[in-house]
Amino acid sequence: MNKLQLLGVVFAKVNECSLELSCVRYCDPNLLLTKRKEFLHNAFVCKYLCDSLLSELQHFSCTNGLTACKHLAIILENLCEHFYVINKALCSFEIHKDHQQYYRTLFDVDQCSLHDPIKISFVNKQDLEITLTDFNEIERFLCKLNLIFPLIDARSGMRIISQIYDRLRKFTGISPLARLEFYKSACGGCYLCYEELQMTPNNGSSVQKRLNGVLCEHVTYTKDLVFQENEYLEVLREDLKRDNLLREDMRTELDDMKKILSNKKERGFYVPEAEQLLHRYDVFTDDIPNYIYTLSDLTYWSKTSEKIIKTMNMTMQQLNVYNNNMIKLKRSISRALNDIEVRDCFDVFEKVVDKRHCMFLGSMFTSSAKIISLLATQCLTAFEEKAVFERLNECDALCSTVNTILERLKSASGDGKEGITKQDFQADELIKGYNVSDEVSVRKKTYLNKVADKGYSKIVASLSTEERSIKKLIDINFLGTLCIDMMVKLEKMFYKRSQIGQMVENGVHLLALCNYDNHLYIRNNLSRQSISTENVNGVIQHILSFLCGPIFTHRHDIFPMPPNIDMAYACDNANVLPHRKEELMQCVNDITSVHGWSISSYNTFFKIDSVDLNTAHAHVWGYVKEFIVAVTLYNELYGQRLRAFRVDENTIRECGLYLTYNSDIPLVLKTDKNVIYGSDIYSILYAHMHHA
């Protein structure tokens with residue numbers, strides 16, 4: 001078994017323990033005290049794993065960018081922390097026997113340390129504090145870091161990543177489910193939502209408009225969970241019977257709950273005779289009578305109505321009665337098993353939330369799909385309770401019409417074609433005269449039916465449209481690994497930059513090999529050159545590939561995209577203003593004249609002054625452009641094959657010139673003989689020509 005397989009095994013076991021501990025927090029502490037020995041055993045095992053693996057996991061995620069290592073480190077730290085908190089709360093409960101205080105301690109109800117600001121220090125001597133309150137804000141913040149990463153010193157970047165790690169760890173907790181306060185249902189999407197939208201035509205809409213209201217399934221994601229109440233009650237009955245715990249009162253309660261679940265309010269019925277008649281006709285039948293088309297239409301609408309009714313068949317009263325009965329049954333079972341009345345977290349805080357709010361918070365005994373069905377039923381009920389629709393029932397009218405057609409078909413001779421037309425099945429009994437009062441009555445009822453039909457169709461359409469958002473709000477949301485993955489990519493980049501000092505420890509400083517005259521020699525020669533026309537687009541794309549952060553790397557895919565796509569994605573997700581995008585492209589495209597690309601003086605490459613953030617970022621664009629253009633012209637002029645690398649994407653093993661994005665050591669030249677480092681692009685090119 002290799003290390004990755006071993007990591008997977010440990011991860012699975014730790015996840016299992018984490019899930020069980022997250023459930024233990026809701027249990028009655030009296031029951032937990034009876035299993036104190038097993039609880040402490042698991043706590044010591046987790047402490048041992050944390051002490052043995054944590055530092056290695058952290059180091060491995062820094063050097064290799066493996067998300068699973070960072071995720072496992074988060075869970076291990078949280079497990080040890082929660083074991084300690086639960087054990088401390090148990091010790092206090094043994095003395096005071098206070099259920100409320102026990103649960104308040106476990107869930108940090110009385111204190112909050114989750115919203116401390118994150119401090120950012122830029123290389124232009126500017127500081128910033130940002131407060132992150134949920135996973136979505138962390139994702140947006142990491143997208144901004146991805147864009148302006150050259151403006152953050154490597155060590156400062158590692159400190160920022162450490163703060164984000166602590167914040168993510170606290171938000172994640174030990175449960176695989178996301179807490180409601182730490183994610184937004186409709187957040188405007190994440191960077192993966194943005195990429196998915198780029199695969200479809202925009203139809204002239206802006207990115208922000210298309211992302212508005214998008215339900216993100218990456219930061220947190222929902223799963224279709226099946227919970228069949230009737231089957232659950234049957235399994236519960238069999239378990240109790242097997243353990244000889246099925247008393248008469250429990251049997252009665254189980255039967256009552258099954259009756260509640262099966263007691264559905266039927267609205268109308270469906271006529272099976274119509275289906276039998278329609279079954280005789282297929283695509284090869286010639287001369288299908290008009291009344292068959294009418295019957296088919298009416299049967300379709302009748303079945304549609306019936307389908308809606310069957311789906312939305314639970315009332316608020318049924319839900320409350322069912323929940324109350326389940327609570328009674330739970331207490332009966334707990335008394336039978338433990339000889340005491342168990343008071344878990346839901347019992348202690350039962351009266352904190354009223355019945356109406358329970359519909360939105362859900363229930364431990366009812367599936368979220370049932371809650372969503374109840375919401376839909378409430379919408380339709382509210383619509384039908386309006387006075388104008390009190391006497392209108394779409395399903396009854398449809399079924400009545402279907403029955404009328406069938407009766408006329410039975411009374412008709414032969415196959416029913418004699419004298420039967422489509423008009424016979426319209427509401428002709430309403431129009432028996434042509435006096436004004438009857439005409440008004442007919443028109444009024446026709447109008448009301450039309451309004452009712454439109455009202456029903458609009459409500460059903462609205463429910464279908466909002467189905468995903470309702471599910472996202474009420475369903476169980478699992479934590480995704482998106483934020484951890486983004487953090488690991490940025491951490492790997494900052495870590496590699498922070499190791500430059502050790503990598504060049506035995507190298508040669510540029511000032512020991514070259515002087516100002518060497519700088520002028522290369523600079524003057526390159527200033528007389530210009531990039532050939534056929535290479536201009538390639539150089540521009542090369543510049544953009546050095547400006548992109550580590551999160552968007554489609555240029556390295558199996559079927560790679562050009563670097564300008566990565567840059568566009570980075571700018572859009574960092575919410576860069578349009579005029580700044582234009583300034584970026586103007587800077588990158590200005591490479592044909594020496595005045596457009598040569599900006600650094602002697603030994604000042606990648607030195608950024610104390611200016612505002614936008615100006616400092618523009619300086620970074622200029623330095624990266626100068627780096628790429630200078631290497632390109634140097635190769636063309638002197639016939640060299642010097643390659644340019646990013647230090648975060650390549651280790652300093654291959655021969656070439658590396659850009660580190662660090663102000664103290666921005667350039668590292670790796671040759672067959674030695675390593676040369678310094679802060680002057682032209683002098684280091686001279687060193688390559690004479691000392692490589």
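Backbone N, Cα and C define each Cβ position, glycine as well.
Per Swiss-Prot, the range carrying the annotation zinc finger out of 103-131, 190-218, 219-247, 306-334 is 190-218. Assigned with DSSP, the residues of the zinc finger (190-218) fall into helix, strand and coil as follows: 12 helix, 1 strand, 16 coil. Listed in sequence order, the residues of the same chain lying 6 or more apart from R641 (ATP binding site) and placing their CB within less than 8 Å of its CB are N635. Taking each of the binding-site residues Y634, Y638 in turn and counting other Cβ atoms within 10 Å of its Cβ gives the largest count for Y634. When secondary structure is read from DSSP and collapsed to three states, E636 (ATP binding site) falls in the helix class. Close to E636 (ATP binding site) in the fold, though at least 6 residues off in sequence, lie Q529, I531, S532, each with a CB less than 8 Å from its CB.
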